[in-house]
Amino acid sequence: MCRSLRYCVSHCLYTAMTRLEEANREVNMYSSVRYLGYLAQLSLLVAICMGLYVRWDQTDDSFILVIFILGLVIFAIASILYYYFSMEAASLSLCNLWFGFLLGLLCFIDSSTFQHDLKEEATKYLLVSSIIIKTLSALVERICGCVRHRPTLLTSSEFLELVGFAIASTIMLMQKSLSIILLVAALAMIIIDLRMKSFLSIAILVVFASLTPELFFRSLDIPVNPYALSCFFFCIISNPFLDVYFSGLSVTERWKPYLYRGRFCRRFSVISIGLIELVFFVFAALKLGDLHLWYFVIPGFSIFGIFWLICHIIFLITLWGFNTKLNECHKVYSTHRPDNNSLDRVMASKGMRHFCLISERLVFFSLLATIILGAVSWQSSNGLFISIFLIVLPLESMAHGLFHELGNCLGGTSIGYAVVIPTNFCSPNGQPMLLPPEHVEELNLRSTGMLNSIQRFFASHMIETYGCDYSTSGLNFDTLHSKLKSFLDLRTSDGPRHDTYIIYYTGHSHSTGEWALAGGETLRFETLLEWWREKNGSFCSRLIIVLDTESSQPWVKEVRRVGDQYVAVQGAEMARVVDIEEADPPQLGDFTKEWVEYNCNPDNNINWTEKGRTVKAVYAVSKPWSDYTLHLPTGNDVTKHWMTYFPHITYPLVHLANWCGALNMFWLCKICYKCLKRLKMNWFLPAVLDTGQGFKLVKS
């Protein structure tokens, strides 16, 4: 046995030293962060080996010895696949599956008789250190920009670890094992809920973390190792939990695995949700067999059970109607795909925003009905009921989050105006001057490229174009004043103002950020902001200014002080000193080219945090930027929605949901949430900010 342990330790040390040699070949931040992750895995592996050894040593159970030896063989096979056959995916899959399985064994094998053993204490410390290192590694990876977020529900490693943990529960009786398998499914739903950034995902996570150790495992009456259970929970939840803040994916990007799924799969998911809801209702009805509190249970279940049924009929009709409208959007999307119309733009044109805003209120009532019915029919000794309840909560939370986020990001109209002044030289008084003839052709090509890029940007995101002014001699103040005021006064064909106004400028600027215009005139940020206040008034439109100039930082700093308008400035910062042997000196247009490519090509490989960039991105937003919301549906919209999708018998509940939604019952929570969002935007500005219009603001 000691030989096996020595072999395991020596193999792990060999792996670590091999990794260290690879890191020494190319020492950089990314390899250092990755090495921290390897340390967490090594600590966990040693903890598992020591924990299994202690259990075998104390119980003399040959099953543990067989599993331990088999685990070593599996890890040896994984190492061979990784190092000799370059089958990294297969190797990591085997490791993740066995990590989950062995952690489950540590969790479920009774250790109460030897919990004060010295080696068992060391195992506990190793498990705790693994939690700390894993969490720290995940945090550092995201702070350093080493993680490239991609649309997914569950990663392969998370899925395999969950499967391994569920398989480990089969060492118990069937009913207890089934309860734990359903609990693992609930944890998978919560991971997806967090990754989708659902509005109630954190609250659902807190409920899960509170109920599981205190009530669920107590209902099963089984001894559980809290250290192994905590290690499994924190290691698997740390990445999706941190991604709630660090993920820069837009709403449609996060929900891509569902929104872009085939029609049959989406319909099947709705039917599956309906079956899960029905199973929950059946288990809740088992409470009627408790005659001890019949005078409370029977009336309570009768009232809230009927309320739950009506709410969930509306819930399923809403999901079915959403998929019907989504199918229509996919038909249009497949027809107009060559025109670069994204799916979210098509959904906006099909009226999905109003549908989602109304549906959000109805789904919230369904979630509230589930919580009430769960409380009324609570069964503290039934692990199956608790696990199914914990599955239903994140499912309904995801539906609420989908409608909430789509309702907030879809439907915004936008209009853009671009000014391209291809002058690089200025007179001492600040007036732009024409370039020498030998540079004209080169500059014209570069300026035309900038013009084409910004036109591509407008077309790709279905931004209505007011105009793209290209002037080699510069624009005077009066001309620019007239054009900008006309642009800022534009409205949609239906009458209201556009939701977002985008101004793009590239050309010469002074060190203070002022635009250098013809005749020695300038345009200051305060002047443009005053024009915007004059035209926007009490409306809730946004202004986004994109600058490709040598001195955009002053405007980026000034916009942070704006407290009464929704304004954002995206600028560029050019390196002052560049090694010509390593990279070309930065020029105007380089930022535009990269920024447009980043926002128009989802398969781009642009890394804004890359070390040694000659052109860096900077942006800032005004103080109330995070408070921005689109217009809400009116009572007439709700009535039309009800008449279109729901039977007449459900109208009272639909009307009640609309009335309660208008009451703003959670105004205090929304105020706190608004304050937290403002704090985040003012003090912890994210590296990537989704504007909700299909493009993003970025900073290096």
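Glycine residues also receive a Cβ, built from the backbone N, Cα and C atoms like all the rest.
Just so it is clear, the model here is predicted, and its values are computed rather than measured.
Features reported for this protein in Swiss-Prot:
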- 36-56: transmembrane segment (TRANSMEM)
- 63-83: transmembrane segment (TRANSMEM)
- 89-109: transmembrane segment (TRANSMEM)
- 171-191: transmembrane segment (TRANSMEM)
- 197-217: transmembrane segment (TRANSMEM)
- 231-251: transmembrane segment (TRANSMEM)
- 268-288: transmembrane segment (TRANSMEM)
- 297-317: transmembrane segment (TRANSMEM)
- N340: N-linked glycosylation site (CARBOHYD)
- 355-375: transmembrane segment (TRANSMEM)
- 383-403: transmembrane segment (TRANSMEM)
- N536: N-linked glycosylation site (CARBOHYD)
- N607: N-linked glycosylation site (CARBOHYD)
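Between the CA atoms of N607 (N-linked glycosylation site) and N536 (N-linked glycosylation site) there is a gap of 36 Å. By neighbour count, meaning other C-beta atoms within 10 Å, the densest spot among the glycosylation sites N536, N607 is N536. The stretches the transmembrane segment (36-56) and the transmembrane segment (197-217) are not in mutual contact, being linked by fewer than three Cβ pairs under 8 Å (pairs 6 or more apart in sequence). Here the transmembrane segment (89-109) has long-range neighbours at 44-45, 48, 51-52, 55, 59, 64, 67, 71, 74-75, 77-79, 81-82, 123, 156-157, 160-169, 171-172, 222, 224-225, 228-229, 231-232, meaning same-chain residues at least 6 beyond its ends whose C-beta is under 8 angstroms from one of its own.
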